[in-house]
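Read through the structure below, which is laid out as structure tokens, and then see the notes.
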Amino acid sequence: MTTGFLQKIFGSRNQRLVKQYQKTVAAINALETQIETLTDDQLRGKTGEFRQRIAAGESLDKLLPEAFAVCREASRRVLKMRHFDVQMIGGMVLHYGKIAEMRTGEGKTLVATLAAYLNALAGRGVHVVTVNDYLAQRDAEWMGRLYNFLGLSVGINLSGMEHDQKQAAYAADITYGTNNEFGFDYLRDNMVYETDSRVQRPLNFAVVDEVDSILIDEARTPLIISGQAEDHTELYVRMNALPPLLERQIGEEKADGTGVEKPGDYTLDEKGRQVFLTESGHEKAERMLAEWGLIGDGESLYAPQNITLMHHVYAALRAHTLFHRDQHYVVQNDEVIIVDEFTGRLMPGRRWSDGLHQAVEAKEHVKIQSENQTLASITFQNYFRMYAKLSGMTGTADTEAYEFNEIYGLETVVIPTNRPPKRIDKQDQIYKTAKERYDAVIRDIRECHERGQPVLVGTTSIENSELLSHLLKQAGLPHEVLNAKQHAREAAIVAEAGRPKRITIATNMAGRGTDIVLGGNVEKQAAFIEADESIPADEKARRIQQLHDEWETLHEQVKTAGGLHIIGTERHESRRIDNQLRGRAGRQGDPGSSRFYLSLEDPLLRIFAGDRVRAIMDRLKMPEGEAIEAGIVTRSIESAQRKVEARNFDIRKQLLEYDDVSNDQRKVIYQQRNELLEAHDIAETIGAMRHGVISEVVRQFVPAGSIEEQWDLPELEETLRNDWQLDLAIQEMVNESSSINADEILDAVTTAADEHYEAKVALVGRESFSAFERSIMLQTLDRLWREHLAALDHLRQGIHLRGYAQKNPKQEYKREAFELFAAMLDAVKQEVTRIVMNVQIQSPEQLEEAAEQIEEQGGQLGNVEFQHADFAAAAAAATAGGAVVADATAEMVSHAMSHSGPAGEVPRVGRNDPCPCGSGKKYKHCHGKLN
């Protein structure tokens with residue numbers, strides 16, 4: 001109450017910021033007359049003048065009014081577009097490292113030019129980040145004319161580009177590209193063996209377009225560079241036969257034994273998107289696997305040697321029960337292709353990890369591709385937080401303002417619209433069944449069609465869009481379908497979606513980034529005529545003028561009919577995505593309307609609000625085909641959406657806290673790699689490692705401060721001779737001296753190791769040997785880091801079980817991850833020292849040969865893939881307390897269970913050994929009981 005009273009007097013934080021920025025806009029407008037008098041060359045010369053002033057110490061903030069005025073004038077001359085005052089405010093918000101929420105059609109692409117131009121003057125690079133290659137290329141070419149006019153260079157960073165093209169793109173003043181490609185380039189730069197192979201400069205300033213999609217929707221899914229691991233193709237095929245033999249249990253058993261409506265072998269948690277075997281399910285699965293010869297008779301799935309089988313059982317179950325064709329994926333050209341749950345786009349090249357993708361391939365009887373081992377990974381959360389300054393734009397950020405601030409430290413500023421919005425958002429209509437809902441949707445579409453009003457119908461899946469398309473065909477209504485299967489025609493369909501009587505069905509936000517103009521997009525049609533060289537210039541001008549005249553007529557016709565009408569056939573989990581769909585109508589003060597049609601069979605209502613709404617309908621004795629249209633119901637649905645949003649935020653926050661652990665370690669490893677790449681000579685580093693390793697070896701047999709009776713000299717001599725190529729008569733040395741102590745023995749061995757090393761260097765020369773050392777160091781670091789990533793995945797999947805032992809899973813994860821990291825760094829020192837001490841060389845040629853052999857044995861894996869793993873299934877593993885993260889991260893990266901090498905081995909456990917689950921109990925009293 002007090003807050004509301006104070007806001008009335010002083011205004012909200014947002015209002016105060018906008019008022020503050022309006023003062024700067026007044027200063028920019030005051031410069032406009034003066035800037036307009038400049039010639040093109042004088043205007044272009046301003047860029048050089050600004051750069052000199054920055055070099056002399058002037059701040060970007062002080063330059064802002066002049067730079068913005070210059071950019072606006074250049075845009076007016078080159079693009080024939082003058083920035084509105086509200087766009088100037090948007091540019092300031094971006095420059096100050098905040099998020100600008102601007103309504104659809106308010107010109108976000110043009111707004112980005114202001115902040116990009118100003119920050120590019122400093123010469124440290126600006127990245128403009130978009131959601132797909134099409135938008136990156138379109139915006140770079142479109143806005144590039146403005147930047148080039150002002151003397152700035154523009155680069156485009158697309159997937160599949162050559163190395164030198166990428167370097168040139170990043171060297172440009174302003175670089176356009178996709179979030180995936182910027183992230184992958186960062187990871188690739190930290191896998192190179194030469195400094196010249198890197199493409200990125202230090203991360204300076206990023207403007208993220210559709211910031212909510214990139215920093216929130218995709219925040220939970222890491223970018224992964226992976227290589228092929230061990231092949232388990234046959235196992236996936238065998239396991240695919242299991243789920244059809246199992247029956248679903250309806251209802252959960254309560255403490256008093258009630259609650260199960262129909263007994264079965266597995267339970268499905270739709271809210272959490274998880275599947276669990278029941279006791280009878282375990283028994284049946286074990287019986288079937290024993291029959292197929294995959295486990296021994298009477299063996300448990302929980303026996304340590306069968307843990308990998310357990311992973312395959314659950315992967316097959318989830319593939320059959322949680323992932324559905326044409327909703328979560330499509331099958332094209334003998335491949336399973338993921339459908340993005342947020343945009344409805346196809347994502348070729350991306351794969352679910354943790355064996356799930358292979359299980360789906362087995363289910364669909366297509367070619368099963370091998371599992372992958374993670375070589376490098378990073379989440380968008382951690383990648384974008386590395387920029388010195390980060391900002392973003394979107395049409396819908398206010399609902400997620402808390403998360404932007406909490407995770408990224410980004411404040412959201414709602415920018416006023418240039419013209420007051422005229423869109424009418426009608427009350428939701430809720431029906432009992434999906435059939436009744438679709439009947440109502442068809443009626444609404446027919447009415448709009450008859451009065452010449454264009455309609456955009458939003459659906460949540462390809463399956464629903466094709467069902468609606470079928471119903472429209474039956475009703476004799478011509479329409480276009482915009483889903484992942486029509487991806488290639490997307491821009492053309494969106495361009496024409498605003499024409500009279502046009503009906504367009506779109507999955508989620510497919511087509512985002514392209515405005516729907518009432519009357520159709522005349523610019524697109526004009527561009528085709530302009531590009532046709534066979535048409536004479538005067539004929540071109542006549543045809544383009546004719547197009548504009550026709551468009552004016554159509555534009556007025558659509559406005560009279562009520563503008564674009566948006567129909568939502570289902571509420572999304574997030575209010576933000578609903579708002580994005582609504583936001584396609586009513587751009588720049590145009591008329592428009594929106595309405596959502598829901599049914600009690602929709603997942604959101606069924607899981608979160610169905611019982612309450614059904615009770616209201618029953619109480620009101622609603623006849624079939626009659627809808628509820630009441631504020632109380634709409635509020636109930638929004639409350640359900642808020643619950644889902646809060647839950648997803650908690651998952652993202654938890655994931656970030658876990659990922660921060662590996663992120664800190666990643667920073668250390670990548671910093672070490674960069675230092676190694678840039679160092680002229682690493683002899684000092686190698687020497688420190690050697691001394692540390694030799695000291696550890698000697699102390700095993702001759703402890704510090706010990707007496708002669710405690711020494712094991714024969715064993716020390718043998719170890720030094722066999723493992724380190726040091727043939728020392730230490731026993732003889734001790735016999736000849738009456739007062740030698742443990743420290744003197746260590747000094748003698750260290751000196752011998754130094755001499756052995758120097759002798760090798762002398763044979764081939766310092767420069768050649770230093771290059772060999774660098775190569776060995778990088779290869780060893782990369783190989784052990786890969787194994788460490790696999791071990792962390794392993795650890796993360798089981799860490800939630802510590803909650804049952806009254807331990808904090810998060811703290812346990814941090815502690816054990818640190819121990820694993822320390823062990824990995826020790827292993828790097830041991831391995832590098834062992835190779836350097838043991839290598840036998842006589843010439844520089846032999847040295848190169850040795851480096852190549854080591855690279856073949858432990859270098860990068862083959863068939864490297866770049867994935868942005870889908871998180872749809874994993875996002876929901878929200879079980880109680882600390883259990884959230886373990887399941888939630890199950891899909892995040894391919895885990896180590898099936899990998900070869902130490903990280904993937906599951907050792908046999910003795911009955912009296914601690915149980916591998918981490919409970920602290922003996923194996924025989926814990927999981928051993930199940931055997």
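For all residues, glycine too, the Cβ spot is worked out from N, Cα and C.
Swiss-Prot lists Q87, G105, E106, G107, K108, T109 as binding ATP, and of D439, D444, D515, D532 the one it places in that same site is D515. Every protein chain considered, the tally of other Cβ atoms within 10 Å of the Cβ of T109 (ATP binding site) stands at 18.
Of all the binding-site residues given, namely G105, G107, the one with the smallest number of surrounding CB atoms inside 10 A is G107. Pairwise Cα distances among Q87, G105, E106, G107, K108, T109, D515, which the record gives as the binders of ATP, peak at 17 Å. Under a cutoff of 8 A between CB atoms, and with a sequence separation of 6+ in the same chain, the neighbours of K108 (ATP binding site) are G90, A100, M102, D209, M393, T394, G395. Surrounding the centroid of the Cβ atoms of Q87, G105, E106, G107, K108, T109, D515, where the record places ATP, the chain contributes additional residues within 8 Å, namely M102, T104, L110, V111.
The sparsest Cβ neighbourhood within 10 Å, among the listed binding-site residues (E106, D515), is found at D515. Counting only same-chain residues at least 6 apart in sequence, those with a Cβ under 8 Å from the Cβ of Q87 (ATP binding site) are E106, G107, L110, V111, L114, N418.
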